[in-house]
Amino acid sequence: MSIVPKETIEVIAQSIGITNLSPEAALMLAPDVEYRVREIMQEAIKCMRHSKRTTLTASDVDGALNLRNLEPIYGFGSGGPIRFRKAIGHRDLFYTDDREVDFKDVIEAPLPKAPLDTEIVCHWLAIEGVQPAIPENAPLEVIRAPAENQIYQQKDGPLIDIRLPVKHVLSKELQLYFQKIAELTMSKSNPSLFKEALVSLASDSGLHPLVPYFTNFIADEVSRGLNDFLLLFNLMHVVRSLLQNPHIHIEPYLHQLMPSVVTCLVSRKLGNRFADNHWDLRDFTANLVALICKRFGNTYVTLQSRLTKTLVNALLDPKKALTQHYGAIQGLAALGHNVVRLLVLSNLEPYLSLLEPELDAEKQKNQMKSYEAWRVYGALLRAAGLCIHDRLKIFPNLPSPSPSLLNKGKGKVINTEPNKRKLSVDSSENRSPRKRLIATDGSDGGPSPMQVDRPTGDANPPQNSVHPSSSEQASGGNAPESRNAKENQGSKGRTITRKAILDQIWKDDLDSGRLLVKLHQLYGDRILPFIPSTEMSLFL
Amino acid sequence: MDPEQVDEFVMGYLKKKGFNSAAKHLQESLHNNNGSSFSSIDYPNDPELTKLIRSFSQSENDPSRYREGYSKLRSWGYNSLDLYKHELLRVMYPVFIHCYMDLVGKGHTQEARSFFNSFRKDHEMVHLRDLQKLGGVLAPSHLQEMEFARSLRQSKINIKICQYSYDLLIQYLHRTESTLMLGIINEHINFQVYSGQPNSASDDIEAVTIVGSFHEIADHVNQKEIHWGLLEDSLEDRLEKTGGLLSDSEKGQGESKAGDDSKKRSAEIGKQGSSTKKLKKDKAGAATTKVARQETSTVLSSMPRVKPELAMPVMSTDVEESILEDLRNRVQLSSVAMPSVSFYTFVNTHNGLNSSSISHDGSLVAGGFSDSSIKVWDMARIGQAGSCALQDENNQTVGVNGRRNYTLLVGHSGPVYSATFSPPGDYVLSSSADTTIRLWSTKLNANLVCYKGHNHTVWDAQFSPFGHYFASCSHDRTARIWSMDRMQPLRMMAGHLSDVDCVQWHPNCNYIATGSSDKTVRLWDVQTGECVRIFIGHRSMVLSLAMSPDGRYMASGDEDGTIMMWDLSTARCITPLMGHNSCVWTLSYSGEGSLLASGSADCTVKLWDVSSSTKLTKAEEKNGNSNRLRSIRTFPTKSTPVHALRFSRRNLLFAAGAVSKHSS
């Protein structure tokens with residue numbers, strides 16, 4: 001009906017003391033109110049035009065009221081246009097900001113300056129049809145599209161300002177923010193605060209102008225601080241937070257960011273001290289790389305291929321350090337099973353043969369080296385295992401174990417790692433305490449020294465028949481150094497059945513079967529925990 | 001159709017129309033005759049009749065019928081043949097607004113509003129402002145009150161339509177039995193059917209814009225004869241005849257004699273024809289000097305000459321001399337020879353500057369302010385002060401800070417909407433919201449006369465080209481002619497349907513033109529007070545007017561930024577000049593009429609080449625060569641809307657405006 005709702009009429013009636021306005025009367029009044037308002041506005045626009053303005057002011061409305069012989073509305077004649085504020089919670093409700101002023105303040109305030117008096121300034125807008133380049137005239141390039149040579153010509157004119165390439169103005173707040181974050185990243189002294197900062201980086205909007213500064217900062221610090229493990233870890237956390245922030249459009253800066261990230265993955269040496277757990281950093285960075293590929297792989301088609309190329313090159317180069325190999329394997333593994341199957345498994349056999357001597361405690365006297373080799377071996381096993389797990393999982397008629405279990409297992413990896421390191425470094429003497437430790441965990445599953453020990457334990461409770469064997473196997477395979485001998489002893493009796501199982505699978509799925517056989521050949525029983533329990537139980 | 005049904009319909013109709021007794025009788029007779037009351041008429045075999053009866057029986061007040069009928073007609077129109085479509089669509093707008101007003105008139109406010117909103121998009125492009133006005137009409141009383149709506153209701157709209165389109169329309173209306181639409185069309189549209197092919201869609205400006213009552217009147221009015229020629233013996237003529245030899249002693253004597261004459265007759269100056277004798281004498285005197293400029297005179301002398309209908313004031317000799325001197329030094333402008341533009345920028349106006357104007361020689365600038373004051377700057381003195389300051393520093397500080405460097409004229413009691421100079425620059429005429437016009441002397445810096453007569457805000461007041469007379473226009477929808485020595489107006493021009501917003505004199509002083517909020521420009525005969533031309537074509541309020549120096553053309557600028565060039569004799573628009581995108585505040589012709597300058601709220605001064613229009617031959621005119629008028633130069637200001645423009649007699653262009661800081 002009318003754009004003035006009848007509620008408004010009722011409110012107005014109440015405000016002027018009419019309490020008994022009937023709804024019908026309000027309904028009748030509403031259209032008339034609208035008409036009168038429109039009439040006043042029509043006259044006000046006339047007044048505005050005659051005042052040679054294009055903005056309607058309160059004085060125009062007063063003028064219109066005057067034309068209609070009505071009393072003007074007092075209190076709005078401020079000269080300039082009125083500033084309206086939006087009422088919070090309403091889409092189209094506005095009010096004028098009308099502050100309460102303390103009378104005392106007004107009296108005590110110094111007298112305001114008298115407004116400047118009107119004056120006339122004279123200048124030449126044009127001389128014989130040509131606009132002179134004086135400050136009073138509008139700069140020419142605003143009007144005309146600046147052709148190349150035109151700008152050149154105008155350089156002679158002293159007063160024309162030529163626009164430089166867009167200058168990035170960073171607000172004071174952002175500058176401070178950047179400084180603070182950079183400080184926190186560098187200082188490493190306040191981890192809790194740094195965590196807060198990461199949360200802020202990952203969630204705050206409006207950080208976009210800082211992205212180029214951050215990428216620059218990260219690139220600089222990574223290249224400078226390769227010896228500083230904590231710094232690198234912090235930097236990678238910053239990268240991850242930036243990637244997580246939904247308000248940041250990081251794509252244009254990826255090409256600057258990627259080298260630093262890949263460096264943290266496959267660099268020969270990360271960190272200075274022996275205690276620096278650079279494995280963690282590599283694992284973390286591998287996930288980061290996978291995240292980037294997942295998010296931007298669609299827009300940058302070459303991103304993943306270039307990355308895998310780098311990683312495979314690092315992996316297949318025997319001259320590269322084992323740490324580099326580890327990083328490359330983790331990076332590839334994080335990229336998904338297909339990548340692993342295509343790039344890692346195909347090269348698995350020659351690589352393992354290369355790795356073999358390093359693994360052997362007798363041949364490799366350097367414990368450090370040996371440990372590194374075992375880490376690499378573990379990473380490879382995990383990658384291959386996950387891959388085969390995934391392959392087998394796709395059997396249509398078999399219920400698969402929930403992936404969360406697997407994740408849970410992975411989660412444990414980190415917890416057990418210090419143990420493992422100790423274990424491997426201290427060689428086999430420590431075996432019994434470790435065994436006890438795991439036993440006290442309440443798990444009767446086989447504590448394989450490699451990453452995925454939990455799935456076997458947790459996923460297999462109903463699978464009682466396997467338990468002995470798996471624990472047996474675990475106890476056998478626990479000491480990597482003596483793998484061949486012990487394992488063979490421990491699981492001799494089962495080998496034949498397993499072969500049968502493998503053959504079965506091979507019949508079912510030639511491809512994955514072959515793969516499995518191959519893996520089994522290479523890894524022996526260690527691969528078995530990766531095979532989903534349900535499938536396993538079926539075959540048993 | 002069953003007889004019972006027919007009876008029912010008839011009963012329903014009678015009851016609805018209030019013929020209760022007739023209905024009763026009918027019912028009785030029905031009972032008596034057992035349902036065969038209409039046997040005498042062969043109604044089952046007469047389809048027309050049954051239709052008619054059926055249509056009557058439908059509830060006549062059903063508001064949805066309007067929407068239904070209109071939307072049917074609309075979809076039919078849009079699906080019609082391309083060749084005739086634009087003609088048929090022209091019918092839509094009047095049908096639309098009348099449907100709306102019918103609905104409002106019958107009190108179906110709700111339905112009217114929804115009807116209006118669902119179809120207004122169709123017409124917004126052309127009729128936006130009208131729709132905005134009509135959108136506020138919500139009650140039957142508003143229809144009565146609102147001038148625009150009333151004029152629409154009372155008048156018929158003329159639509160030119162070709163025979164075939166007309167037949168199509170009538171056929172459609174009959175076939176679909178849309179009696180309602182037919183009724184509206186019959187009631188409010190006057191078809192002017194012509195044979196042959198339909199007009200092309202582009203030249204239907206008139207058909208599109210005219211919605212008021214006055215198409216017929218306008219046609220009638222525009223038949224009247226007008227004499228747009230320049231005055232006999234104008235200064236230009238004299239210049240041509242005398243050539244460069246102004247120092248001719250004989251002429252000087254004649255001039256002084258004329259001055260004596262004028263003194264004698266100053267008492268009876270208001271009377272008509274007093275100075276003709278003198279002018280003749282002058283002419284005779286001037287004719288004796290034989291030197292003539294052949295080239296220019298051929299152009300100008302070909303123009304017809306008219307006699308002034310008003311008694312012309314007599315110019316003093318030195319004023320005339322200076323004018324002649326200026327004319328002799330005038331720069332010839334054309335599309336290749338551009339003028340120089342001097343810009344006067346008002347600073348620190350605090351949004352208060354309503355109007356500004358520049359004297360003919362550019363030495364004086366006046367501003368009318370919303371605080372009722374008028375300020376006059378003497379630009380020559382400001383320039384001097386600047387040069388003095390170079391010599392004496394003390395002097396400068398006094399000049400800038402100690403004293404105002406303008407003359408403050410206080411007297412009005414409302415915002416001053418115009419302040420203009422008399423041609424010699426010795427008077428300022430101001431008009432204000434206090435309904436008065438005041439005359440100020442720039443020599444005495446004092447108010448001389450206060451003219452009261454208008455009933456409402458006076459929007460504009462302009463001196464005649466020869467001074468002494470002036471015209472004013474007002475919110476009270478009249479324009480008035482005054483002479484400086486009378487308290488009462490000499491003539492009153494009434495006829496505009498809305499505010500008269502601007503006024504301009506014809507160069508021969510026999511006519512004034514007025515622009516109005518009713519989107520028309522009218523030309524009035526000063527002597528008789530009659531309207532002699534109505535110019536229809538603007539789509540919004542007319543804000544500025546200018547007359548070409550040869551008196552044949554007129555330019556008008558409107559709120560949307562359109563400038564229209566009119567031929568006074570035919571009342572036709574030569575061409576719309578498009579280019580500004582905001583209000584055109586001011587227009588000015590160059591001295592010889594080859595260039596038109598326009599100043600707009602979009603912070604630009606544009607120059608238009610209009611010389612071709614004056615040289616347009618008859619043949620070209622018939623070819624409709626409308627692309628001859630073009631914008632040749634645009635001068636943007638920094639952020640100053642251009643309020644006033646004035647070509648000096650030497651063809652220097654002065655412009656003025658107030659800096660607006662908030663323009664984005």
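Glycine is treated like the rest: Cβ placed from N, Cα and C.
Annotated domain 'TFIID subunit TAF5 NTD2' per TrEMBL: B:60-189, in sequence order. As annotated by TrEMBL, region 'Disordered' applies to B:243-302. Residues or ranges marked as compositional bias 'Basic and acidic residues' by TrEMBL: B:248-268. Among the features that TrEMBL reports, repeat 'WD' is placed at B:346-379, B:409-441, B:451-492, B:493-534, B:535-576, B:577-618.
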- Report the DSSP secondary-structure composition of the repeat 'WD' (B:535-576) as helix, strand and coil residue counts. 0 helix, 24 strand, 18 coil
- So, by DSSP, how many helix, strand and coil residues make up the repeat 'WD' (B:577-618)? 6 helix, 19 strand, 17 coil
- Message: Can you give me the average pLDDT across the repeat 'WD' (B:409-441), rounded to a whole number?
- Response: 93
- Query: So what's near the repeat 'WD' (B:493-534) in sequence-distant terms, Cβ-Cβ under 8 Å and 6+ beyond its ends?
  - Reply: 129, 147-148, 151, 209, 212, 214, 217-218, 221-222, 224, 226-231, 272, 306, 308-310, 312, 459-466, 469, 471-475, 477-481, 540-551, 554, 556, 558, 566, 568, 571
- Mind checking how the repeat 'WD' (B:493-534) divides into helix, strand and coil residues in DSSP? 0 helix, 24 strand, 18 coil
- DSSP tally for the domain 'TFIID subunit TAF5 NTD2' (B:60-189), helix/strand/coil in that order, comes to 103 helix, 7 strand, 20 coil
